Amino acid sequence: MYINYLKDLIGFKSVTPESNLAIEYIDDLLKKHGFKTEIKIFGDSKSEQVTNLYAVYGNGKPNICFVGHVDVVPAGDYHLWHNSAPFKANEQDGKIYGRGVVDMKGAIACFLTAALDLIKNNPDFKGSISFLLTSDEEGKAKHGTKEMLQYIYDQEYKIDFAVVGEPTCETEIGDTIKIGRRGSVNFKLNIEGLVGHVAYPHKANNPLSCLIKILNELINIKFDEGTEFFQSSNLEVTNIDVGNNTSNVIPASVEAYFNIRFNNLHNAETLGQLIEQIVKRYCKEYKVDYKLEYISAAESFIQNPNDKIKDFADIVESTLKIKPKFSTSGGTSDARFVKNYCSLVEFGLLSEMAHKINEYTKISDLQKLYDVYYNFLMEMLTNK
């Protein structure tokens with residue numbers, strides 16, 4: 001059934017923050033199979049409204065929860081897609097194409113099927129199965145999983161272990177389980193100089209001269225050597241804007257944007273202080289004014305592999321005959337919110353095709369993912 005569910009889900013053009021009825025589809029499906037469900041819409045204005053779903057079957061412990069998102073990134077130029085239809089599932093040559101198939105509607109379809117099969121085959125299982133889904137993971141992530149977790153805990157629901165269906169695997173299904181994530185902090189630096197003619201530099205103050213010095217030092221910072229589970233922290237410059245299209249004018253100001261992805265040896269505040277010291281030193285030397293802003297998108301986190309995490313890894317190995325590695329690589333995810341409530345793993349399809357034109361997954365990979373999810377639920381809820 002996971003293929004049918006996946007094809008249906010691809011058909012919903014659920015570009016962040018729109019659910020576009022994808023969550024309502026899942027809500028109806030789970031209700032028909034005896035789940036208690038609740039849809040909540042959070043957001044300060046209509047343009048920011050986010051649709052969220054919590055659904056649970058059973059009332060015992062442990063409560064194993066699948067956490068995911070139905071929203072997808074924009075499809076780009078439709079003409080570059082097979083059949084020019086990114087929101088219509090296209091099955092060919094043992095693959096399924098469509099926006100969101102990898103990130104992460106394929107994982108949702110597999111866990112839906114695994115959960116419903118377990119309920120059908122083991123009606124007296126011990127514990128609970130639940131789903132927490134949002135339409136705002138690819139965007140600001142402000143009114144999605146974070147708020148929904150707080151809401152369900154206020155309603156006295158408790159999750160004992162979560163599986164987040166992000167595409168984690170690298171070259172084959174089963175090779176990677178995420179148990180943490182790097183942090184991310186974005187910087188915006190504005191430097192104010194003095195506009196002038198390039199022939200009279202002594203009558204101007206070029207803010208680019210200062211910025212070049214600053215960025216040169218920043219990109220050469222060796223933040224750390226990495227840790228057991230984390231790669232080294234790194235800074236990337238993402239944009240420089242002077243608003244100057246002429247070659248004979250020294251610009252009045254310049255803006256630069258850069259991002260740091262950091263491990264658990266740092267936090268956003270200490271990194272902000274470090275960057276501020278460097279910027280302040282050069283701006284004083286060049287006698288220019290500056291404004292530095294930074295916004296933390298996420299702090300880093302790491303979990304010690306506890307028994308449930310190890311159990312999940314054992315299920316992956318016994319099911320797929322491959323020993324998974326624990327990793328923290330990649331971008332941020334909603335796991336950063338879930339970890340405040342329970343232990344978790346992130347495990348899904350191959351990450352290579354996520355967000356790309358002609359995003360696809362092999363049908364055989366869907367079967368492998370389903371097998372892992374089903375066997376894990378069996379292990380946790382039936383001991384068979």
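For all residues, glycine too, the Cβ spot is worked out from N, Cα and C.
If you look up Swiss-Prot, you'll see H69, D103, E166 marked as Zn(2+) 1 binding site. The annotation active site is assigned in Swiss-Prot to D71. For D103, E138, H355, the entry in Swiss-Prot reads Zn(2+) 2 binding site. Taken from Swiss-Prot, the feature active site, proton acceptor covers E137, and the record attributes it to sequence analysis.
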Under 8 Å by Cβ from the residue listed as 'active site', counting only residues of that chain that are 6 or more apart: S14, V15, T16, P17, E18, S19, T134, S135, D136, E137, E138, G139
Spatially closest candidate among H69, D103, E166, the listed binding-site residues, to H355 (Zn(2+) 2 binding site) (Cα to Cα): D103
Coarse DSSP state, helix versus strand versus coil, of the residue listed as 'active site': coil
For D103 (Zn(2+) 1 binding site), nearby residues of its own chain (Cβ under 8 Å, 6 or more apart in sequence): V72, V73, E166, P167, S351, A354, H355, E359
Recorded positions compared (E137, E138, E166) - the one with the fewest other Cβ atoms within 10 Å: E138
Binding-site residues listed as H69, H355, least Cβ neighbours within 10 Å: H355
D103, E138, H355 excluded, remaining Cβ within 8 Å of their centroid (Zn(2+) 2): V72, V73, G100, M104, A354
